[in-house]
Amino acid sequence: MTFADAYGSYYWQDCGSMGSCLARRSDEIYPSSVGGNTFLACIFLACLIAQLVFLVGFRGRRIFCAFMCLGLHMECVGYGGRIGIHYSWTEATPWIYLSTLLIAPSFFLLAIYMITKDLIIYYGSETSRFTRKPNRLPLSLAITTCLIILLFIIGLATHGYGPGLVVSIAMIFQAFSILVAIGFAVHVYRKGEKRKNSLRHTSPPLPKYRYFALACAGAMVAILVRSMFRFAWMLYYDHSEPLDLFFDGAMTALAAILLTVVHPNVFFQDVSLLRSSRLKNGEEEIGL
């Protein structure tokens, strides 16, 4: 079975014969190349191995590493499926690759949200009225992302390979939740910088933290671009693989690289020292 046959059986139910299929629905329009997909698969595999090393070799940030490993594993399966489309491995290959690649970036977001409260720890719980309960907003974003993952699963299960209304709604919600998270981070950063300039700042300096925060911001922007592209991709049938590899694959790979190279176990490992210093100076303890 060719990719066009599998693609038609999952997406266009009326595409059962040459007379009922448009030329733009054939594999001549959207072939799955080996080179670009193999390159991206290797990037995700390398990041997965690095995250596994952090998960096993370090005591901290294990929830972060676990979510990253889950997302990276799904990316590897997804791009393995795209390579499989080229060789027509199985009928289910298109569904496997699309389902994994749609869901995987959500686990990257969950990993980021699990360490969002570190931003609050760094600037202090009195920075803003939104930070007085450090776990509230990160937990809300995490729950929203879990619901988005559930919507993806329901949409893919009920509509097969096609986009479907449920998957489209999930993609919109994902983009909106990322915008909320970015807005929250910018708000805390601006309030925190003003507070540091107006009050005596007794916390030890954490020079690497800025790199960690910028990496998280860059990863979220990359996933946001990817989500917006995916939504447009589902509305437009004449797909272009180079655009797909760049706006979907490359953006997700950029997020994975940033969250692996600028890992919190390396660039924000002194957060325990920050809490100890605040307790020593009589400041309010913020739970990790």
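Cβ atoms are placed via backbone N, Cα and C, with glycine included.
What TrEMBL annotates here:
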TRANSMEM  38-58  transmembrane segment
TRANSMEM  65-89  transmembrane segment
TRANSMEM  95-116  transmembrane segment
TRANSMEM  137-159  transmembrane segment
TRANSMEM  165-189  transmembrane segment
TRANSMEM  209-229  transmembrane segment
TRANSMEM  249-268  transmembrane segment
* Asked: Does the transmembrane segment (209-229) reach the transmembrane segment (95-116) with at least 3 CB pairs under 8 A, where each pair is 6 or more residues apart?
  -> yes
* Asked: Same-chain Cβ contacts of the transmembrane segment (38-58) under 8 Å, 6 or more residues past its ends?
  -> 65-66, 68-69, 72-73, 75-76, 79-80, 83, 245, 249-250, 253, 256-257, 260, 263, 265
* Asked: Short question: which residues 6 or more past the ends of the transmembrane segment (249-268) have a Cβ under 8 Å from it?
  -> 36-37, 40, 43-44, 47, 50-51, 54, 58, 60-61, 64-65, 68, 71-72, 75, 79, 101, 104-105, 108, 111-112, 115, 118, 206, 208-209, 211-212, 214-216, 218-220, 222-223, 225-226, 229
* **Chain residues outside the transmembrane segment (137-159) and at least six past its termini with a C-beta under 8 angstroms from it** => 95, 98-99, 102-103, 106-107, 109-110, 113-114, 116-117, 130, 165-170, 173-174, 177, 180-181, 184
* Asked: Taking residues 6+ outside the transmembrane segment (95-116), which of them lie with a CB under 8 Å of any CB in it?
  -> 10, 61, 63-65, 67-68, 70-72, 74-75, 77-82, 84-85, 137-138, 141-142, 145-146, 148-149, 152-153, 156, 160-161, 167, 174, 177-178, 181, 184-185, 216, 219-220, 223, 226-227, 230, 248, 252, 255-256, 259, 264, 268
* Same chain, outside the transmembrane segment (165-189) by at least 6, Cβ under 8 Å from its Cβ: which residues? -> 102, 106, 109, 112-113, 116, 119-120, 123, 127-128, 130-131, 137, 141, 144-145, 147-148, 151-152, 154-156, 158-159, 213, 216-217, 220-221, 223-224, 227-228, 230-231, 234-235
